[in-house]
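**Student:** Provided herewith is a single structure, encoded as structure tokens, for subsequent inquiry.
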Amino acid sequence: MMPDLGKYTDTVLTAYAASILLLALLVALSLWRGRRMRIEMEQLEARTRRNG
Amino acid sequence: MSQIEKNSSLWSYANPRKFLATTERVMPFLWGAALVCLVVGLVWGFFFTPDDYRQGSTVKIIYLHVPSALMAINAWMMMLVASLIWLVRRHHVSALAARAAGPVGAVMTLIALVTGAIWGQPMWGTWWAWDPRLTSFLILFLFYLGYMALWAAIDDPDTAADLTAVLCLVGSVFAVLSRYAVNFWNQGLHQGASLSMDAKENVDDVFYLPLLVCIAGFVLLFIALVFYRTGTEIRARRIRALLARERAGA
């Protein structure tokens with residue numbers, strides 16, 4: 001299934017691995033921070049409602 | 001302007017609640033479409049396209065390098081438009097959207113630089129050259145870092161939005177330069193545009209079609225990330241306001 005990349009196998013695979021890793025990190029960090037902010041805001045809003 | 005016209009106008013999305021409600025409805029479709037385009041485009045390009053007669057299998061790097069370079073420049077252009085809207089109309093959502101796009105554009109620029117260096121080594125015999133396009137991309141990356149640092153360094157969000165908007169205006173010169181550097185100087189190692197309205201300059205169809213799918217994937221991923229991250233910035237701003245109100249009431 002893997003195509004024959006000849007003498008450039010390392011070059012092509014390194015480019016793909018580096019790019020996919022950077023994109024995955026960006027998405028994961030964005031989702032992690034988004035989730036944290038959502039939870040924190042909900043907790044604060046609930047506390048504000050309770051305290052009037 | 002009537003209430004109906006106000007609600008249907010683009011400016012109504014300057015309301016954070018309306019922005020959050022609308023983007024949350026479209027987010028699943030955006031994430032899904034981005035993932036499908038990226039997987040289809042990359043699998044098509046990597047597994048089902050031939051080697052180039054000059055560049056061998058390294059031509060497969062085009063499916064990452066060209067879309068990321070394109071988005072590196074266009075992300076800055078989007079930040080420029082959002083910054084201008086902030087400066088002229090003082091809509092907080094537009095300033096937060098510009099802030100949200102910064103790290104996305106920085107990662108796109110980094111991918112373009114890294115894949116370019118990896119591709120350049122076997123083709124040019126060097127990882128790096130002070131070529132007009134490479135240098136202007138490096139400067140654009142430094143502008144992205146500076147833009148993010150400036151947002152983080154200033155406590156008052158309105159002052160931060162003002163100063164980063166000015167930085168964005170200055171940086172847009174380098175974003176344009178990155179795009180047209182090859183044409184301006186007509187020298188250096190980097191080739192001309194891989195995609196052009198002029199069909200003679202385009203890469204062959206066998207590479208072009210999967211490349212278009214990859215570009216669509218990168219564009220959709222950028223939009224999804226900017227929408228999601230803008231929502232996060234809106235919530236962070238709300239948290240800040242609630243905490244300030246608590247402190248004032250204590």
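Cβ coordinates come from backbone N, Cα and C, glycine included.
For B:19-190, the entry in TrEMBL reads domain 'Cytochrome c assembly protein'. According to TrEMBL, the feature transmembrane segment maps to B:26-48, B:68-88, B:100-122, B:134-154, B:166-186, B:206-228.
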**Student:** Grab the same-chain neighbours of the transmembrane segment (B:206-228) for me: Cβ-Cβ under 8 Å, and only residues 6 or more beyond its ends, written as numbers and ranges.
**Tutor:** 23, 26-27, 30-31, 33-42, 44-45, 48-50, 52, 59, 62-64, 66-68, 70-71, 74-75, 78, 97, 100-101, 104, 108, 194-195
**Student:** Does the transmembrane segment (B:68-88) come near the transmembrane segment (B:26-48), with 3+ Cβ pairs under 8 Å (pairs 6 or more apart)?
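**Tutor:** No; fewer than 3 Cβ pairs under 8 Å.
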**Student:** Could you tell me what the rest of the chain brings near the transmembrane segment (B:26-48), counting residues at least six beyond its ends with Cβ under 8 Å?
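**Tutor:** Result: 60, 62-64, 207, 209-218, 220-221, 223-224, 227-228.
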**Student:** Excluding the flanking five residues on each side, which residues at least 6 beyond the ends of the transmembrane segment (B:100-122) place their CB within less than 8 Å of a CB in that stretch?
**Tutor:** 58, 61, 64-65, 68-69, 71-72, 75-76, 78-79, 82, 128-129, 134, 137-138, 140-141, 144-145, 147-148, 151, 189, 218, 222, 225-226, 229-230, 232-233
